[in-house]
Structures are given as C-alpha cells and as structure tokens.
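The structure appears right after this line, and notes come after that.
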C-alpha cells in the first residue's frame, strides 16, 4: 500500500501541470497505472480474474 501522505499529495492539483502523475485508484501505486481503468497492473489483473471488470477476459494466441 502507498503512504497516505503521498496519496493525498497526488490528489491535490499541482502548481505546474507537468508535475501531475497517475496513481492507482484502488491501492495508490504510482507505477504501471492503466489510464483507461485508473488501476495499476496488479489491481487490474485481480479484478479481471474476479470478473469485476466488464469486457475484460484472458487472451491466448
């Protein structure tokens, strides 16, 4: 889990637009965040396996 202070800091509007960055809406992780879902890769995978994300399914080729 991310530190609460860093999650709160990221939630505020930065003084300069380039300082903004994405965080996972579920756990607060700052890296590997899918913008479309607002989730990190770990949370995205867990929720997809649980069937909580409509339209997402495991692919194989």
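Yeah, the Cβs are placed from backbone N, Cα and C, and that goes for glycine too.
According to Swiss-Prot, the features are:
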type	residues	note
BINDING	24, 27, 40, 43	Zn(2+) binding site
Practice problem: Starting from the Cβ centroid of 24, 27, 40, 43, which together make up the recorded Zn(2+) site, report each further residue of the same chain whose Cβ lies within 8 Å of that point, ordered by sequence. | Solution: 23, 25, 26, 28, 29, 33, 39, 41, 42, 44
Practice problem: Going by DSSP, give the three-state secondary structure for residue 43 (Zn(2+) binding site). | Solution: helix
Quiz item: Which number gives the other C-beta atoms within 10 angstroms of the C-beta of residue 27 (Zn(2+) binding site), all protein chains shown included?
Solution: 14
Practice problem: Across all the protein chains here, work out how many other Cβ atoms are within 10 Å of the Cβ of residue 40 (Zn(2+) binding site). | Solution: 23
